[in-house]
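A.B. asks: Not my notes, these are from Swiss-Prot:
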type     : residues : note
SIGNAL   : 1-20     : signal peptide
DISULFID : C28-C88  : disulfide bond
DISULFID : C35-C82  : disulfide bond
DISULFID : C36-C69  : disulfide bond
DISULFID : C89-C102 : disulfide bond
CARBOHYD : N91      : N-linked glycosylation site
CARBOHYD : N106     : N-linked glycosylation site
Amino acid sequence: MFTEQVLNVIILLQTATVTATAIPASGCNAGDVQCCKSVQKADSAGGAALLGLVGIVLSNLDVFIGGDCSPITAIGVGGTSCSSQAVCCENNSFNGLIALGCVPINLSL
């Protein structure tokens with residue numbers, strides 16, 4: 001029973017981590033396009049854990065942060081893909097560990 005509850009919570013967290021509306025990749029004027037394995041609100045438990053990894057304290061917790069991100073460089077070229085969540089992030093200065101101020105994007109638009 002406990003295992004089933006834990007599994008349900010994990011599934012809920014995975015499906016609820018990104019709720020922002022995706023924008024086309026061409027509309028990414030805030031920063032670089034990234035492919036992140038996780039994208040969460042900064043005020044969530046997962047977001048707090050990511051921020052704690054690098055000792056960041058944010059004054060605005062109403063932003064999305066990406067975890068384990070890598071740049072996507074050739075938008076519009078065949079073969080561009082992201083098997084996780086494609087995002088446009090304002091601050092990617094943490095060597096891919098986390099990215100701040102992320103907005104989900106749609107690579108197919």
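Cβ atoms are placed via backbone N, Cα and C, with glycine included.
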A.B. asks: Could you give the Cα-Cα distance between C28 (disulfide bond) and C89 (disulfide bond), in whole Å?
C.D. replies: 8
A.B. asks: With a 10 Å radius around each C-beta, find which of these disulfide-bonded residues (C35, C88) has the fewest other C-beta atoms nearby.
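C.D. replies: Relative to the other disulfide-bonded residues in C35, C88, C35 has the fewest Cβ atoms within 10 Å.
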A.B. asks: Spatially speaking, which of the recorded positions C69, C88, N91 is closest to C102 (disulfide bond)? Use C-alpha to C-alpha, please.
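C.D. replies: Checking each of C69, C88, N91 against C102 (disulfide bond), the shortest Cα distance is to C88.
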A.B. asks: Would you kindly give the Cα-Cα distance separating C35 (disulfide bond) and C89 (disulfide bond), rounded to the nearest Å?
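C.D. replies: One finds 10 Å between the Cα atoms of these residues.
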A.B. asks: Measuring C-alpha to C-alpha, could you say which of the recorded positions C82, N91, N106 are within 10 Å of C36 (disulfide bond)?
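C.D. replies: For C36 (disulfide bond), the recorded positions whose Cα atoms are within 10 Å come to C82.
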